[in-house]
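Copying in the features that TrEMBL gives for the protein in this structure:
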DOMAIN    34-75  domain 'DUF7779'
REPEAT    261-294  repeat 'TPR'
REPEAT    303-336  repeat 'TPR'
REPEAT    345-378  repeat 'TPR'
REPEAT    387-420  repeat 'TPR'
REPEAT    429-462  repeat 'TPR'
Amino acid sequence: MCVTACRSDPRGTLSGGCTASGPWTCHPGDSSLQLDMALAVLRKLSLIQRQRDQHILSLHRLVQVVIREQMKPEEVRLWSQRVVRMMHAVFPEGRAGTWDQGEVETWGKCERYLVQALACISLLAGLEKELPEASALLLKVGRYLVRRTRLREAGSVLEQAIRLGEQYYGDKHPALIPFLVLQGERLWREGKYALAEALNERAKAIEELHPGSPYVQVGEILNNLALLAWEQGKFEQAKSLFHQSLLMQEQQGQPDPLGIASTINNLALLAWKQGKFEQAEPLFQRALQIREQILKPDHPDVAHSLYNLAVLYRDQGRYEQAEPLFQHALRLQEQVLGPEHLLLADTLINLAVLYRNQNHYEQAEPLFQRALQIREQTLGPEHHIVARSLYNLAVLYRDQGRYEQAESLFQRTLHIQRQELGPDHSTVGRSLNGLAVLYREQGKFAQAKPLFEQALHIHEQVFGLEHPEVAASLHDLAILYIKQRNDEQAELLLRRALHIREQYLDSLHPDRARSLTALVQLYRRRGQGERADMLMQQAGAIFEQPFSPDPPSM
């Protein structure tokens with residue numbers, strides 16, 4: 001307490017970390033009675049105070065300063081080493097990627113030690129090359145913060161962890177791999193795909209120099225690179241990387257079934273994203289089966305598999321099957337993670353989208369509001385993930401005709417995204433498009449057009465000229481031209497959008513039908529009945545599929 005934070009859990013730290021700290025602090029056989037007697041003397045002298053409900057002791061700041069000033073530099077150095085080793089010994093281990101069995105139960109302990117662990121950062125100057133526990137402790141802390149989506153805090157911790165690791169091991173040692181992978185995961189969660197990809201490529205290069213390294217899960221880096229390729233619309237590249245990762249995991253000496261389940265789940269998500277629902281469902285089912293066999297029934301990964309199936313069924317229009325799965329996943333998450341955990345927000349939002357798709361607005365709105373509240377409390381009101389909730393509410397209000405409320409939320413969404421992510425981020429493009437649709441629906445075409453064009457430009461810059469997000473922007477701008485009776489320009493954009501969707505999406509994907517029906521509307525108005533009928537047959541084949549969503553209104 002004299003060399004780190006003024007508040008700590010001495011019993012947990014001493015009992016768990018005394019062996020690691022060296023022979024002069026305590027002995028594993030020392031009794032708790034001796035510790036209590038020592039603490040009682042300090043309390044009697046009013047040097048420390050105990051918070052019984054939290055098992056925390058606090059040391060007055062002035063007492064800490066006085067004792068610290070009386071210590072010689074070599075004593076401060078020695079005790080700094082001991083404290084770092086003790087904290088490394090007691091801070092719970094975690095794992096990037098798949099949740100560890102029972103990891104959630106360690107979060108309370110992590111939070112209890114977090115202040116002391118973060119305080120250790122100030123002790124590390126000059127110890128870089130003699131204390132491997134320093135970077136290892138920061139890796140544990142960074143992993144916990146990433147798991148709890150405290151991404152800004154995690155970023156600074158992991159930057160220092162990488163720096164310490166490089167100074168101790170060198171910049172090409174395989175021990176750096178988990179540091180680089182975890183920092184890449186954090187950047188991926190923040191939408192900084194290029195930076196995340198660079199870190200994973202660096203980790204992959206190190207792994208190739210040291211085949212069979214014990215420092216990384218087999219196939220993990222390929223899995224990460226696949227996710228990053230997917231985010232950038234490189235679907236075939238992503239699929240190839242996922243399959244390479246899966247093959248590596250299945251062929252290793254002792255396969256990790258949970259890692260295999262995670263990769264299978266990612267393949268299912270990729271198929272879902274492309275509208276290949278028949279391919280996605282058995283993959284989701286297989287991942288769920290593996291997780292149910294190994295994990296507890298209420299484990300977060302089991303809940304997440306149920307959630308993924310629910311999203312799939314919802315997007316197929318299988319609402320009666322989707323709703324109970326959403327509800328089941330939500331109950332599991334509430335029981336294990338608590339009612340305010342960030343993961344609940346995703347489930348709440350997607351259940352709300354289910355209700356919105358059915359025009360059950362009165363059921364959707366409180367779920368959107370609850371998700372927004374969770375995200376604001378966890379991340380702060382100006383976080384870009386909070387902006388996603390604002391966007392969803394804005395779309396709901398737009399669909400209800402509550403245009404003033406919708407416009408206000410779209411504007412707030414854009415403000416946050418521009419501040420947090422920059423003016424050219426893909427989410428800014430999506431929000432601009434959403435606001436443009438709002439103006440279009442109100443007949444404010446002059447306000448809508450430049451926003452559609454800005455959104456299209458951003459998406460083309462981020463994703464390239466051929467990507468489903470680009471197709472969505474083209475489609476929405478084309479609808480504006482149809483309303484303005486600029487048929488020639490509308491046809492060009494709709495044809496381009498349809499071409500992209502034919503390249504990237506399944507033949508039965510609803511978005512392909514939306515492009516077709518918009519062209520049908522255009523051709524019928526121009527008296528081109530044969531062309532309209534031919535395209536309507538293609539669209540009808542999609543909407544006649546079992547569980548297909550209702551066709552869009554003409």
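The backbone N, Cα and C atoms fix where each Cβ goes, and this holds for glycine too.
Since we're looking at a predicted model, the values are computed, not measured.
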Cβ under 8 Å to the repeat 'TPR' (261-294), counting only same-chain residues 6 or more beyond its ends: which ones?
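Beyond its ends, the repeat 'TPR' (261-294) has Cβ neighbours at 97-98, 101, 219, 223, 226-227, 230, 235, 238-239, 242-243, 245-246, 249, 301-302, 304-306, 308-309, 311-312, 315-316, 504-506, 508-512.
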Please work out the mean pLDDT for the residues of the repeat 'TPR' (345-378).
95
Please spell out the DSSP helix, strand and coil residue counts for the repeat 'TPR' (429-462).
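Split into helix, strand and coil, the repeat 'TPR' (429-462) gives 31 helix, 0 strand, 3 coil.
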Tally of helix, strand and coil residues over the repeat 'TPR' (261-294) according to DSSP?
31 helix, 0 strand, 3 coil
Summarise the repeat 'TPR' (387-420) by DSSP state, stating how many residues are helix, strand and coil.
32 helix, 0 strand, 2 coil
